[in-house]
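Working notes, structure below.
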């Protein structure tokens, strides 16, 4: 009886299956494996030989009786009828059933041609593709072909075990299986720039572990952790069989019954949207926020919040579409449900937004909205105006003082539509530390040691060079009053202050003149601070954006509609104010360090009367004056200002015609 020489190498290399090859082998070793759980069946490990190679194997529990009956023992010759080949902890194992041929009562040394001195076979064959749904932690050799549907940012973290970095991405294969892949530290650096959302990859040699549901919202109980030996191979030819995205849309009425922190896919019509607002996190960092209302065919609407980068990218696009009178369809992949102020949904780092896409659900929703949905009332599952905090409510400059903003324990966040009328040219920048503190620059003030080096007390280090950062102080004016504000580097750049390091007064004055008398939407942090044992309210510019007249007009029209329908809340507000009579030079730049007013502000006369008229308008309507809301005051003020500007232009036209004649 001859052994099937070369069978082990052929099977372990993937060149043969149980249906193609039923080899005859010899058992050289047989041992019982002791399991930790006594209730499990006995397991037996064997070493098989084909005369050239040796290979470990596990005996199927259904044929354990061959060992217990004494029929299968060392030196027995067997034929493999059914078997599988897997990799466990880097070792290749056979598992299967056997056909018993013969046995010897005593161990007999095989003939020299069948000696067991041969090399153990290595499985170097390329692994076979597997669907994501077939993966399990007991497989050590697998390869999946899938598309990256979402890629997270490279985040830094700090825990008791130390600092680290992590990023993750989601995969989708042709069978609809999804799984999350996570990389830490050096592995994150290795694969972060290689992975691109929307591309197809072959991924193998990853570590399969139970999914951490706190950070994993996919419908898979496993997730992949890549290691330095993992293989990520891009497929340069796109596989059209693999879908680009997979949704599990839930209606807004279903969201109402979901638990907090659930992750959901929703789709709806954007019926309204608010401007972006700056929010300060608990860790002291700033982020952007924009809220909108979604409604669908279930008769419900929900508040959806865009956070961070979503606010300025997709959020600004939605804002422009709504300002132009459109009602876009928004599909959300992976939004998080919250129960703050009723039920609401917001973006997370792995969220994806699709605007006016060609999904079947989007087409059905658009048709419904055009036929009947536009006029169908919907019941909001979010509390009314839950997203409108002080960071979202516009204020006039006079209201900053009249409402005593900034005097509470926490700062107030407001937006003001105003014009830059004066910039203080002295001490417009400071020397800052360029060293990194965590994932951000230190930016603390540094001092010159006198030896050409700069020292930072916070970092306790000296450096050869420092950064120069803006600390701009300027006045802004609206139709009610004037106030001083301070802007640092980032908000200064929002005002088109470029980084100009050459000591050229003429060029610097040119930059300042470009900013003067430009109108912007200023997002201010108003907080009372102590200066020389004196309490003062300081307004800091957090962000500055160019005035969007289309958005402002829509906002004012909405406020007037609410006022006419009686939905405006009664807010007592005294916006009466007058302009200070202070002088200014020709371009509104102070060169001597003295406070300087706006250009032409010393010409009180009718301009002061007009300003007072705007400020006192809500108080001159008799007993109903205190029923006007803050928003209505702004709306009426803007409308009167627009009326006066139009009147001035019309009065100037005949004079221009006369000059031409």
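Just so you know, the numbers here start at 1 and follow the chain as drawn.
Backbone N, Cα and C define each Cβ position, glycine as well.
Across the domain 'Replication factor-A protein 1 N-terminal' (3-90), the model assigns an average pLDDT of 77. Residues or ranges marked as domain 'Replication factor-A protein 1 N-terminal' in TrEMBL: 3-90.
Residues or ranges marked as domain 'OB' by TrEMBL: 142-227.
The domain 'Replication protein A OB' feature in TrEMBL is assigned to 252-356.
Annotation comment: TrEMBL describes 413-556 as domain 'Replication factor A C-terminal'.
Summarising the annotation, TrEMBL assigns transmembrane segment to 634-653.
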(request) Mind pulling out the one from 3-90, 252-356, 413-556 with the most Cβ pairs under 8 angstroms to the domain 'OB' (142-227)? (result) 252-356
(request) Would you mind splitting the domain 'Replication factor-A protein 1 N-terminal' (3-90) into helix, strand and coil residue counts from DSSP? (result) 13 helix, 35 strand, 40 coil
(request) With DSSP as the reference, give the number of residues of the domain 'OB' (142-227) in helix, strand and coil. (result) 7 helix, 45 strand, 34 coil
